[in-house]
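Colleague: Sharing a structure below in structure tokens format, with a few things to ask.
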Amino acid sequence: LPLLLEATLLRLASGFHHPFYNGFYYNHLMNDKGNGQEEVDYFNGAKLVVETSKDPVYSSNGANVTLPCHYHYEPDMEAKPKIRIKWSKLRDDYTKEQDVLVAIGKTYMAFGDFQGRAHLRQVSRREASLVISDVRLQDDGKYRCEVIDGLEDESDVVDLQLQGIVFPYQPPRGQYRLNFHEAEQVCQEQGAILATFNQLFQAWSEGLDWCNAGWLADGTVQYPIRLPRKPCGGLHLAPGIRSYGPRHRHLHRFDAFCFSSGLRGEVFYLDHLAGMTLEEAKQSCQDAGAEIARVGQLYSAWKFLGLDRCNAGWLADGSVRYPITKPRANCGPAEPGVRSFGFPSKGRFGVFCYKER
């Protein structure tokens, strides 16, 4: 019976009278004429190659960025007119997180948060580069450029890294009070997002040392240690990122590590002789055509704009802080950083305001 079935299938296949090309064809495809006739997409003997940047592409919040992608054939041949190009954003494990853009020729469609912000740059032959305008903090990550020519499908990955700063955050009610979703929320309220592991690792390599564990974007809880000590995992452990691994996103409570990038405006300081309450501080910023600054904005101004002020000021979350780039007497520790007075219920201080350019 198997031999009879095989012989029958061979006779049926021979009845289709397919053109012959090296004894091999891929599949039957409906043609574009819509008349029900079949056409065959043949293996053309050329290899499709897709290439992106091997080095990360760097950008910042609010900027425009191009993720390079080109394709060619080996040996060289003319591409078909209906090449399909697809861009996807990936998770850290290279699985797909979301569709970004799909294009055929000059027709394209962007998806989700990328609508109105993403398009192809095709100024050179066989280019499939992705342009993202008004870059957002959530855009940081890996992107796959996929080129589809008939049944040929090749891709490569490019890494978009936002230049930013990671800062630990505790809410006014104290240490270890945030579940994962609350941590996401407090970071957003401070003009930031939950940091990724790669962002935390970069911050650690630049000197971040923090003994309190905090949520990261993947739902793990970790903390960076430069100087090993007893309360921070013990003296026997080498410097590095300490990890509690994945935690329950609703039940477990920790601090948060937030990530903020470059600013679209400026942070400046206002003061009165007698200082201000928090409400007076908010009004002073409004009178100046600005708004009271958020914690992420102060950290970004300190790192990227060199903001240095040895006067404490209110921020939007009710905390009082001040940024120091040049340590000096009476301005806190000997290292640069953003100093914090916590969340005073009383007291009169200056205020840090933020104004869009």
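Just so it is clear, glycine is given a Cβ too, placed from its N, Cα and C backbone atoms.
Straight from TrEMBL, here's the annotation block:
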type	residues	note
DISULFID	CYS211-CYS232	disulfide bond
DISULFID	CYS310-CYS331	disulfide bond
DOMAIN	46-158	domain 'Ig-like'
DOMAIN	165-260	domain 'Link'
DOMAIN	266-355	domain 'Link'
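Each of these features: where is it, how hidden is it, and who are its neighbours?
Modeller: Neighbour count (other Cβ atoms within 10 Å of the Cβ, all protein chains): 14 for CYS211 (disulfide bond).
Around the Cβ of CYS310 (disulfide bond), the number of neighbouring Cβ atoms within 10 Å comes to 15.
Counted with DSSP, the domain 'Ig-like' (46-158) comes out as 6 helix, 63 strand, 44 coil.
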Colleague: What is the one among the disulfide-bonded residues CYS232, CYS331 whose Cβ has the most other Cβ atoms less than or equal to 10 Å away?
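Modeller: Buried the deepest by this measure is CYS232.
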Colleague: Do you know offhand how many angstrom separate CYS331 (disulfide bond) and CYS211 (disulfide bond) by C-alpha?
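Modeller: Here the two Cα atoms lie 22 Å apart.
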Colleague: As a test of reading the model: what is the averaged pLDDT for the domain 'Link' (266-355)?
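Modeller: Mean pLDDT for the domain 'Link' (266-355): 97.
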